[in-house]
Amino acid sequence: LGPDMKFKGVFHPVILCPARILEMNVVYYTEYGITFGAACSLDLVKNTLTKAVSELSKEKIEVFCALLRQLKSLGGQQIRNVASLGGNIMSANPTSDLNPILAAANCTLNLASAEAGTREIALNEDFFVGFGKTAAKPDEVLVSVHIPYSSKWEYMFAFRQAQRRENAFSIVNSGMRVLFHEETAAIEDLRIFYGGMGPTTVSVKKTCKELIGRPWNEEMLSEACRLLLDELPLPGSAPGGMVEYRRALTLSFFFKFYLSVLHRLKEMNITGQDMPLGYFTAIEDFQNETPQSLQIYQEVTQGQPSWDPVGRPIIHQSAIKQATGEAVYCDDIPSLDGELFMALVTSSRPHAKIVSIDVADALNLPGVVDVITASGVLANKITVFPLEGEHLLAEAEVTCIGQIVCAVVADTRVHAKRAAGAMKIAYEDLEPTVFTIEASIQQNSLYKIDMKLAKGNVDEAFEIVDQILEDEIHIGGQEHFYLETNSVLVIPKGEDGEMDVFIATQFPSFTQELVAMTLGVPSNRITCHVKRLGGAFGGKISKAAIIASIAATAAEKYRTGRSVRCVLERGEDMLITGGRHPFLGKYKVGFMNDGRILAVDVSFYCNAGSALDESALVIEKSVLQFDNAYSIPNIRAQGYACKTNLPSNTAFRGFGFPQGSLVTENWITDVAAKVGFSSEKVREINMYKGVERTHYKQEFDAHSLWRCWNECLEKSAYHNRKIAIEEFNKQHRWKKRGIAVVPIKYGIGFPSSFLNQAAALVHIYKDGSVLVTHGGVEMGQGIHTKMMQVTSRELRIPMSYIHISETSTNTVPNASPSAASYGTDANGLAVKNACEILLQRLDPVINDNPKGTWKDWIKKAYFQRISLSATGYSRGLDTKMDWEKQEGQPYGYFTFGACCSVVEIDCLTGDHKSIRTDIVMDVGCSINPAVDIGQIEGSFTQGLGLYTIEELKYSPKGMLYSRGPAQYKIPTVNDVPAQFNVSLLAGSCNPKAIYSSKGIGEPCVFLGCTVFYAIKDAIAAARRDSGLTGPFPLDSPATPERIRMACVDQFTKLVPVDEPGTYGPWAIHI
């Protein structure tokens, strides 16, 4: 019911809950099995089966063990607590993990209706008659489910593969049951059901019938694979896509079933056929483990006063409130009397002329107050950076699905949403429509961005190198997936055009400017307030300001004069706001046989979407920093932003660095494969050494880079671990391990120096308490905590005296965005400056009474009419980049680090497990090691998601499929490395930032690529077992599909591949 109501607009006036109907909650044992009431929760089923498994004989529990295997990964604990067994069956979802097992086990269902009474039917291939449909009659209710005991010589196993191991729908699953003639390996009965291979749970009756009577051997296996492919056809356009992968999984699952049963038969001395030693791990699942971690940092010096918190691991000052749910976010602000709610109406076409907008039906619905269209906005065209040329609301045409066309304002959220659904917009489709980078290149649909850099002479270098390699790699996009979606509350003050804007944004001054421009008032009439954000990662800058401006238009005096709230639902947010740019990197690399890379010619193409947004800055970052940690004497780099009919992509943690540098690491690994060296050796050969200059002529010292690299190799025991992995891979055919170690050199600060400035305002009250306001926004990164630490040190008072309430434009004007890992550097110096001014004023008072208390000094200063309020300011770093001269100092300094990761993959399914990660980062002298290590761990995990799990899927018509947590998967605790170690480099300093610290918020996203390249290393080992050597393509993210299909073996070779162009794909790679 939930998905239909949320996503399809289905309205159910009455919903009945059977959770407390006694007859539907019973559990009782019978002579033949266990009967569960249909309303029994999955957790109750799990606990009951677990108890039964521990008490019953082994021969009776085959079905129960198979169910338990699926139940442990079905949803999460919260879902299993409330989801019911009957609901899982009757929803008839083709990817249900339980239905294939229940069907294969010959379970029976007890149905009841008021007119016909009760009846018992089998849960078999005839029960599921269509997508979401069963053979139950409309008036029948499922009362109970009977799960039978297994018998001797009966074996049952279940399999599943999903995008993520927990809380994810299966891509393909299966329940397989075999019964042998007594004390033989001859098949008496065989039942196999698959999920995810059609609109219903599918039975392979023909295959089973053909195999009955055959002995359980390799000939039977080969015949089964042939029969399964024949009986489970899947057209190239099948819903869900991944056609070859899904068909390969059907064979992989049967092979695992074959090996599992063979092992059991061998234990019973029934068969003389041995399982090869290297095959045993094929039948073992990855086990979920509680991650273990180690954090290493330098303690403060012994002489540091106890009240001075700088350098200490201070808890995030909002952590407890956030953990208990007491922290206040934008939508937690209580509703005002007469408050209205705004719902957005978005385009359903990728490129079309707007013929008409019919508001009549919407306005006639209860509670609807107004509909805002482009004609009703005073200044609909945006003229301020970074959204110049965009429109708040679509005017003559729309250029992507998800573009905001209009907004409905009503008295409640429900009324506004219902009215938005009633809007009638007539379109006339336009051509062309462009969605992918390749199509954009082909049609020359590019924004006018000239980002090119050159060093040395690339063409001459290509003439003298030993080898030349040309290839490309795709890097998929990424959704910000902040916990708090975009939210705004606009409150008109009733005079002079003044408004308070409470908003979830990381750039309040931009929102203030855009709202003022939209309303035609000076910025001094608009005050933006931000208490905290529930995450942002770059996704709460541009679109947040657009939504606020539309809401402000609805709230202005001449329309409603009432406060207006707008809170996007998750699906809306994902559809409208864009995310990390998908990239295509094309490269030509010239290198010597000794591993030295002499020349690189690389082109970066990003999918910018239908508006430029911040794409120019993303391309700039990738072109400037793609060198990462490597000194290449001859470079030619160029970047392009592709104009497509998709929502504009925007800023995201790391900007273009995670994409551009992944391209670099790809040609590093390719070169290593070509010359026969390990990847880390090629990295060491080509890394910067000593004092060097980048390709844009910025000088830096690579000493700390090498310290991080060597310490990472040591702490991870890299060389010993690599030998152990090689030995593991020799002994195991279907599970492989891989290892990768990667360095990082990340530029900190904004290349445009005007963005590096910051200001702060510090008030001291008569009771001695201190209120600090600065231009940074608390997004969870701990900037407020660090600013309190700075204030504490500078004023020489405990942190308990200090409070930070919010970030607001009426206290600190013209603040730069909280981005570029520069928030602490800029705002810290501004807070320090304000505190120094105050302390200078207080010095005479303190000197008069050196033994007095802080409160004594403040009280005396007040009576002496000494100002207890000060503004601090920091000009910030002097950064610049001259693209004409192709040189500059775009970054204030560099943060260095290195990371080593070990993974294990299942070659048959594409599943992977992160075994261990060791990170060493140079953060200078950390202001707060706890916060900094938390940022390292969090950003690494976000990078792990970018490169392995998170995948945006679009329809061929440009509609985003993955618009919620059911379709889009971010890492969970079971995706985090089982051993996760982080060390902060000791003895490092940085004279260019406050207290010799360094920015750390963004760099470690890229280090997630170590998992990607460890996976690639493991795949290479699997391919060698199949006789395949040398470089091979692997696009990012390394999803289970890509991992499995790269592990070429006898099963993948059996799967036919449809010719491109002969079918319409379900999804496209943008």
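Just so it is clear, glycine is given a Cβ too, placed from its N, Cα and C backbone atoms.
Heads up, TrEMBL stuff is auto-annotated, nobody curated it.
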Item to check | Candidates Phe462, Phe537, Phe700, Phe863, the one TrEMBL lists with Gln506, Arg653, Ala820 as binding Mo-molybdopterin | outcome: Phe537
Checklist entry - Taking Arg119, Arg160 as the options, which does TrEMBL list with Ser84, Leu85, Gly86, Gly87, Asn88, Asp97, Leu142 at the FAD site? => result Arg160
Checklist outcome for this item: Cβ neighbour count (10 Å, all chains) around Glu1002 (active site, proton acceptor) is 28
Item to check | Around the Cβ of Arg653 (Mo-molybdopterin binding site), the count of other Cβ atoms that are within 10 Å | outcome: 26
Next on the checklist: Please give me the recorded positions out of Ser84, Leu85, Asn88, Leu142, Ala820, Glu1002 that lie within 10 Å of Phe655 (substrate binding site), comparing Cα atoms only.
Outcome noted: Ala820, Glu1002
Item to check | Fewest-neighbour residue among binding-site residues, criterion Cβ within 10 Å, set Gly86, Gly87 | outcome: Gly87
Next on the checklist: Can you work out the mean pLDDT of the predicted model over the domain 'FAD-binding PCMH-type' (1-152)?
Outcome noted: 92
Checklist outcome for this item: binding-site residues considered: Leu85, Leu142, Ala820; fewest surrounding Cβ atoms within 10 Å belongs to Leu142
Item to check | Minimum Cα separation from Phe537 (Mo-molybdopterin binding site), reported as the residue among recorded positions Gly86, Leu142, Glu1002 that achieves it | outcome: Glu1002
Checklist entry - Excluding Gln506, Phe537, Arg653, Ala820 themselves, which residues in that chain have a Cβ inside 8 Å of the centre of the Cβ atoms defining the Mo-molybdopterin site? => result Ala536, Gly538, Gly539, Ala651, Phe652, Met779, Pro817, Ser818, Ala819, Gly1001, Glu1002
Checklist entry - Looking at the binding-site residues Ser84, Asn88, Gln506, which one has the fewest other Cβ atoms within 10 Å of its own Cβ? => result Asn88
Checklist outcome for this item: If you count the other CB atoms within 10 A of the CB of Phe537 (Mo-molybdopterin binding site), including all protein chains displayed, you should get 28
Checklist entry - For Asn88 (FAD binding site), which of the recorded positions Gln506, Arg653, Ala820, Glu1002 has the nearest Cα in space? => result Arg653
Checklist entry - Whole-number Å distance between the CA of Asp97 (FAD binding site) and the CA of Arg653 (Mo-molybdopterin binding site)? => result 36
